[in-house]
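As given in TrEMBL:
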- 14-47: repeat 'TPR' (REPEAT)
- 48-81: repeat 'TPR' (REPEAT)
- 84-117: repeat 'TPR' (REPEAT)
Amino acid sequence: MEEFEIMSSQKKTVEELLKEGESLLKMGRYEEAIKCFDRVLEIDPENAHAWLDRGIAFRELGRNEEARRCFNKVLEIEVDPKDAEGWIVRGRALGNLERYEEELECYNKALEIDPRNADAWFYKGITFQDLERYEEA
């Protein structure tokens, strides 16, 4: 039972840190956001969402090589084939690497799992714009 409680508290801590980091990212406090995502990755080094958001923060700071490394790390993490959110995170990483066709494939996989997933539809539309396929956006 004690092991379960430790795992639950770590998971909760990861979720809280992710939310805090995302809030800091939205406020433009990129260095602080990176520190939050680093703490998440100390606990869960395979957390694709933390790697993605860390990359976005680096990109916003103009630290493009560090951003690219983060986005590539997302691609190294195996996606659960039944997890729509995992496909969306992977797609967003691919988009940040300007690999738009592969990005679309990820959103399509997410939509096969969850046809009503608003995030997948949103990012798919953005990707069509990036590809200048406006009629499909």
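Cβ from N, Cα, C; glycine included.
Values in this document were obtained by computation on a predicted structure and should not be read as measured data.
Averaged over the repeat 'TPR' (84-117), the predicted model has a pLDDT of 98. Under DSSP, residues within the repeat 'TPR' (84-117) fall into helix, strand and coil as 27 helix, 0 strand, 7 coil.
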